[in-house]
Amino acid sequence: MNCKVWRCLQKLFVLVLMSLHFVFGCCQSQGNTEDDYWTEEEYLQLKEPEQVSQIMDEIFQNYDKLKRPYYRVKAVEIGILMGIQAISHVSEENMEFQATVYFTHIWEDPRVAFDKDNNDSFLILRGEHLNKLWLPDTYILNARKVSIEANTYSAKVYANGTINYSYRLSTIALAKMNFLNYPMDNQILNIDIYSYSYTADQLTLRWKKGSMVHNEMAGYVVKSENKISEIHTDGIEDWSFLSFSITVRRRLGYFIMQFFFPCILCAVVSWLPFWMDRYEIGDRMALSITTLLTEVFLSQYINSNMPRVSYIKAADEYLLATFIFIFMGLLENVVVYNFRSDFELQDIYCYGQEISPSQEIMTESPRNNLEEEASSKSADHNGNKMDAEETTEKDQSLVVDKISRVLFPLAFIVFQAYYFGRHL
């Protein structure tokens, strides 16, 4: 009985395995059917690879790669589709930027058409077959260095003769930068494209839709993009010219923390002597000189990675204005010291004039002395009050400090409003 049950279980298990195998086989065959609709080239490679070789042989049998399409007929039109994947670095010192760019060149070559009525099927050419094909000789005019990554270029040859030639490159390109408004400046980064040997009557360049920057940059924000298609002349011949430019705005967050805030802090610290004892001239001067030297260090730091330009930048204006405020605070300490010294000399002189008559021998009677003492006590309170007011009026150093406590911060706030209102 047990043997019969065990045999039945074995048969059931085999049937289940066969059913699962059948189901997965059907699913896999359906998946392959869906994938086979991709391209005519892939269908030929999978089913009838000899047809691909036959088409290649027919295309390049009488093909001359040294002759451009429509040779001696008309100019060949090259459509350019460009996408900037990343701008990884912008160097202000060298006035250049590093970018990774995708290029696609689109043109028609009737010599490679193998089915003019079918626009969907295409062949992908790489390696040896790609070297047999005529390719446009476009180049980036303002590039200092260009490197095309290996195995990132290919050409799609459509049945009607349309060719899409794509590749990816990394370039270090020069840019004309203006730092008048630095660090609140906008810069234009451009890529200029020419044909190296074909003039405008032989080859024309046109932009295709879709050129764009695909990501944000670390230190900049992309404001706008602009595409230009023109004919330039060098005085002898005309050349087709394309230019793709992006306008970028510098991010201010870094400079607020590393430049503007330290400058403001130095200016505020330079005002602290206005509340210090005017007799501590050494401490006041030491604090002012320290802030002055700190400002000099900031000026060297902010210009360390900048080109040596002949004009004054916005950052230089801010540094110069802050430097003037700190230096004026230093001069205020000198003025206070001079006023205080003049007041002390005048006080000593007046004190000497008052005590000289008291050194004379008194001849009055005791009664007269008692009367003078009583009268002096009655006027003692009023005399002290008048002396204090007179001292305040005579000591101009106190007046200078009080005025500076209001004048310097107010003038600095007005400067901030004018500066940022002008440059932002």
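The first residue you see is number 1, and the count goes up from there.
Cβ from N, Cα, C; glycine included.
These come from TrEMBL:
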| type | residues | note |
| --- | --- | --- |
| SIGNAL | 1-29 | signal peptide |
| DOMAIN | 53-251 | domain 'Neurotransmitter-gated ion-channel ligand-binding' |
| TRANSMEM | 252-274 | transmembrane segment |
| DOMAIN | 261-340 | domain 'Neurotransmitter-gated ion-channel transmembrane' |
| TRANSMEM | 318-339 | transmembrane segment |
| REGION | 362-393 | region 'Disordered' |
| COMPBIAS | 374-393 | compositional bias 'Basic and acidic residues' |
| TRANSMEM | 403-421 | transmembrane segment |
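Within the same chain, residues 183-184, 219, 283-284, 287-288, 291-292, 294-295, 298, 301-302, 315, 318-319, 322, 325-326, 329-330, 332-333, 401, 404-405, 408-409, 412 sit at least 6 positions outside the transmembrane segment (252-274) and bring their C-beta atoms closer than 8 Å to a C-beta of that stretch. Under DSSP, residues within the domain 'Neurotransmitter-gated ion-channel transmembrane' (261-340) fall into helix, strand and coil as 62 helix, 0 strand, 18 coil. Here the transmembrane segment (403-421) has long-range neighbours at 267, 271, 274-275, 314, 317-318, 321, 325, 328-329, 332, meaning same-chain residues at least 6 beyond its ends whose C-beta is under 8 angstroms from one of its own. Taken together, the residues in the domain 'Neurotransmitter-gated ion-channel ligand-binding' (53-251) have a mean pLDDT of 89 on the 0 to 100 scale.
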